[in-house]
Each structure stands twice: as structure tokens, then as C-alpha cells.
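Annotated in TrEMBL:
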type: DOMAIN; residues: 4-62; note: domain 'Tudor'
type: REGION; residues: 53-110; note: region 'Disordered'
type: COMPBIAS; residues: 66-75; note: compositional bias 'Low complexity'
type: COMPBIAS; residues: 76-97; note: compositional bias 'Basic residues'
type: TRANSMEM; residues: 212-231; note: transmembrane segment
type: TRANSMEM; residues: 251-273; note: transmembrane segment
type: TRANSMEM; residues: 294-313; note: transmembrane segment
type: TRANSMEM; residues: 325-344; note: transmembrane segment
type: TRANSMEM; residues: 455-475; note: transmembrane segment
type: TRANSMEM; residues: 481-500; note: transmembrane segment
type: TRANSMEM; residues: 521-542; note: transmembrane segment
type: TRANSMEM; residues: 562-581; note: transmembrane segment
Amino acid sequence: MPSRKFADGEVVMGRWPGSVLYYEVQVTSYDDVAHLYTVKYKDGTELALKESDIRSQSSFKHRKSQSSSSSPSRRSSSRSRSRSRSPGRPAKGRRRSASQSREHKDDKKKIVQETSLALAVLVLFKPSENNTKRYNGEPESTEKNDTSCIILEQKLKPDLEIKRVLEQYSLRSRKDDKKTEEIFSEKKTFVAVKPIEKVPSKTKELEFGGRIGTFMLIFFLPATVFYLLLMCKQDDPSLLNFPPLPALESLWEWRVFGVFLLWFFLQAMFYLLPIGKVVEGLPLSNGRKLQYRINGFYAFILTAAAIGVLLYFQFELHYLYDHFVQFAVSAAAFSLALSIYLYVRSLRAPEEELAPSGNSGYFIYDFFIGHELNPRIGSFDLKYFCELRPGLIGWVVINLAMLLAEMKIHNLSMPSLSMILVNSFQLLYVVDALWNEEAVLTTMDITHDGFGFMLAFGDLVWVPFVYSLQAFYLVGHPTTITWPVAAAITVLNCVGYYIFRSANSQKNNFRRNPADPKLANLKFIPTATGKGLLVTGWWGYVRHPNYLGDIIMALAWSLPCGFNHILPYFYVIYFICLLVHREARDEHHCKQKYGLAWERYCQRVPYRIFPYIY
């Protein structure tokens, strides 16, 4: 087991991958398994380097002093030898020295040209890296478009071919050629080991209050769900009017649990159907890309057909309303069992398949956040399936059941205008998510967070039973609104949806193809990862315009419930807190990932979610 040479926090000189240039870096950590150092450059870029690519600062200073002290002596000795030559040889000696000096000048010229060409290639072919000017903080235009970078690459390809031919037939010494081969061999070696550079390390920064906070959330989240549902059942759902606790035996019914299991496995069957396209996700830490089948919208259509058949045969769908709390208990029990299974199987998962956020080594924290990033049974991706299918589609089915329950309980020939608005707005939101299902592959839930209790409970319990709170509230507390008020609320929801969808589409199209001519008007700041940070369009107003649209829609969903109680506004209050917290997580993650480029982006776009407010 080789011992490490450089300590954490030590300032050393690190070679930039694929080049012979060294920059000042700071060692942040060391991986004992892969024998790689994680170093941080001045602009905030973090890379994993081998020990052979790192040198101490003293070695660079020592070499510089040696060369400066030795070169004058060599020059003085050569001059003394030339003076001691016999008078019969000076002409010949002068001719030889003149030819040697010309060759020496030509060699120096070639070296300067090759060095400048190498630097040009490093700058132009690596738009993801900051050049020397940016390290020194010199002014430079940072807003670019990927199309110009692609054109430059195409123009430079013939020059590189000419350079290779000139190198093949050059008159340099074999010693220089050998050095060149060593440099190219180093580049090939780096490319070969590149996929295994980013080995997941231990999670150092704990979120959600660490071990104590996550332990409390495991009990607080289910308690919050049951409190909200019991409050909606009361005639006076005031905050000070605490609901009476029901008997424990009344909270569980095996038939209800069987219906929930039937629903879950029905959606799993729809997920496995060979319909819809198959796409690749973002690269994992080992360079591999997982494949996902995009058929969520087809699953929604099949579910709607199945519900239509049940209603045709006069199945009482308001059964969901009568046993709503029992369904929530069944879903919570299933999510807890699923979380235990996920953690147990993650203990045998390879190191590179663990989540970067849930690999702390603490049982409670990793159980809550999720230890494994993409748990799969064969090709069945458990996290991706639960993200959009049983909970999100179940949300729409629950809303429909509440609509039918309202008509039956209040003897209505048609649902109230408030119930129609809530069902319509939330149906649009769910259909949009399923239609744009591929966009979820770039979210933090899929790329960063593991699959543990947080996402399992959130997808299977919190989304269907808390997000449908407005419809559940309207069944027991009918609210009448006028058509002008309904029209104003509809306009508000449309504005929020337009901001949400156009911002997300702009971001997704730019990620998919930055060189698209349709996006030529968009400006961005290049980063050290190769991605760009948009500074025009919606993303030039605030850093998270999609969050702004989400909050406006959440307010529109609550307004049809009136202002008699604050309970139906729990969703919009919770959603603001959720998105502010998620924005803080994004801010911290992007600052570590993009470094100096993120600071420039924050200066360019100072507002986070609300323009001129926050």
C-alpha cells in the first residue's frame, strides 16, 4: 500500500490534464482506493490527478535557479575556448559557428511556434477550461455562443493535420522526438484513465440538519401528512382546533393496502411495456450512461382508459375519499418497507454506484437521503419509476375521486367551479410533466440524490396525498366563486405555466444542442465543465425562473378555496419553503462545480427567484 506524498491543504503544482502546463493547486483529499488526489485550481475547478502529475513548488524553484546559474558558466567557457584556438583555424571556426547559430535560431523559432500552437489548441479545443488570462483575472469577454466554438474547431483541423505531417518529416533530433512521444503517451494514458477519475468519495457536508435532523424528519413528515388530512375532515379546520386522534385499528385495512399494491404494480406493468423511445441519461462517475424508456404519457393514457372502464361499470371511485387516511397509511407503510429494502441492497452496491449525497457512513443519514444513486432490478429503474408514475398519476386519480365525492355528498348535477379549476390546473401540470418526461433526467433528484426514504416517501405519499389537499378540502368545505374571479385565477395560472414551461424548454434545448441556430440569440458564460450558464432569456432575469412559475401556479391552485381558512394554502407556503431550500442547495452545488464562472453568473444575474425581491 503506497503512502501518500502530499497532505490535505498543501499547495503544490498540478499538471493540467492533456497538457504539459503546471498550475498552482491545493490538495483537498486523497482516494486510497484509486490513488488519486483531488485538487482545486484557483478558479474553483476541482479535478482528480495522479501523484505523477503533481510536483512540489520547491522543485520548480530549484530547477529555475539551477538553469540560471549554470548557463553563464557554459557561455564563458565556450568563449574562452574560442579565444585559445590557433590563428590558422578562425575562418573555419567562424563558418561553423555561424551555421550552428543559424540552426540554433531556427530551432528556437520552431520551439516558439510549436509552443504557441500548443497553447492555441489548449485554449480553442477546451472551451470548458479557463485560460491563463482568466486565472490572472484579466478582462475578457465571457459571453459566448457554442456555434463560434464549433466553427473554430473545424477551421483548426487542417492546421493540426499539417502539424502532424511536419512532425513526421521534421529534422529534429531523436531525443526531441522521444520527448514528444512521451508527451503524447501521457495524454493517451490520461484519456484511458479518465472514466475512473471521479470515484465517489465520502459525503462530507450533511444536509437537512445532519443525523439529528434527518432522524426527526423520518417521523415529522408522516405526522404532517396525517395532521393535514385529519384537519380537512373537521368542520372547523382552524390551526388552533387540533383534530382528535382516531383509533389505531381504524387506520389500517388490508383491503385498502391490497388496492394500493394493485395500483403500484399496475403502473410498474405500464412502465415495462415496450412502447416509447429509449434515451440515455447523463454520464455517471464511471463514464457509463444508463438507458431509460420514455413512456410516462402512454402510461397516463392507459390509466385513463382503465379508470373510464371502471366508471362505465359503475365502480364507486369515491371509495378513495371514504378511506383516504387509510390509503395514506398504506402508502407510508409501503414507502418505509421500500426504503429498508433500498438501504439493505445498497450495502452490496459497488462504490461507483453510490450517491454523492448519501455516502456519509452514518446509517440514519444515508437511509434518509439514499445510499445508492440508481437502484435497478434488471432494467427496471426504481427511482425513475417512482419519480413520475404511481404518485404523480395517482394525484390526478385522487382529484377525480374528490370531484365525484363532492357531487355525491352535496347532490350536485355537476362539480363546483372551484373544484373544476383545481382539477384542471393540476391536470395540466401532471400532463406537462409526463409529456416532457425526458427533462427529469437532468434534475437533482436523478443525478445527485440517492433513492432512500426522502424520495420514496415524497413520491408515494407526499405528492399524491398533500398535493391533492385543495380538492380534499373542497369536498368538506365547498366554496363558491364568481366567473370573473375564476377568469382572473385562470389568467394567473396561465402566466405561471408560461414562465415555467418556456424557461424549462429554453434550458433543456440549450443543454441538448447548444449549437442549434434557433438558440443563436442566447448568450452564456462558459464554465470549466464544458457547460454554459445562460445569461439571456428567462435565465437572464432570475437564476431560477422555473421556480418562479411553479410558485405562481401553486398560488392559483389555492385561490379557488377562498380565504376562510389557511389550510388550503399550506401547499403554496410549503412550496415556497421547498424551492428556497432547493435553490440554496443548487447555489452551493453550482458554486463548487463551476467556481469562478458561477460567481460571474451571480454578478450578471443577481436575483435568485423573485425579480427585485429575492
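Our numbering is plain: 1 for the first residue shown, then up by one each step along the chain.
Just so you know, glycine gets a Cβ as well, placed from its N, Cα and C.
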Spell out yes or no: are there three or more C-beta pairs under 8 angstroms between the transmembrane segment (251-273) and the transmembrane segment (562-581), with each pair 6 or more apart in sequence?
no
Contacting positions for the transmembrane segment (294-313) when only residues 6+ beyond its ends and CB under 8 Å are counted:
266-267, 270-271, 273, 275-279, 388-389, 393, 396-397, 400, 430-431, 433-435, 437-438
Three-state composition of the domain 'Tudor' (4-62), taking helix and strand from DSSP:
9 helix, 26 strand, 24 coil
Stretch-averaged pLDDT - the domain 'Tudor' (4-62):
80
Residue list, the transmembrane segment (212-231) vs rest of chain: Cβ under 8 Å, 6 or more residues beyond ends.
237, 241, 243, 245-246, 324-325, 328-329, 332, 364-365, 367-369, 453-454, 457, 461-462, 465-466, 469, 472, 567, 570
In the same chain, which residue numbers or ranges, 6 or more beyond the ends of the transmembrane segment (562-581), come under 8 angstroms Cβ to Cβ?
228, 231-232, 237-239, 418, 466-467, 469-470, 473, 477, 479, 481, 544, 547, 550-551, 554-555, 609, 614
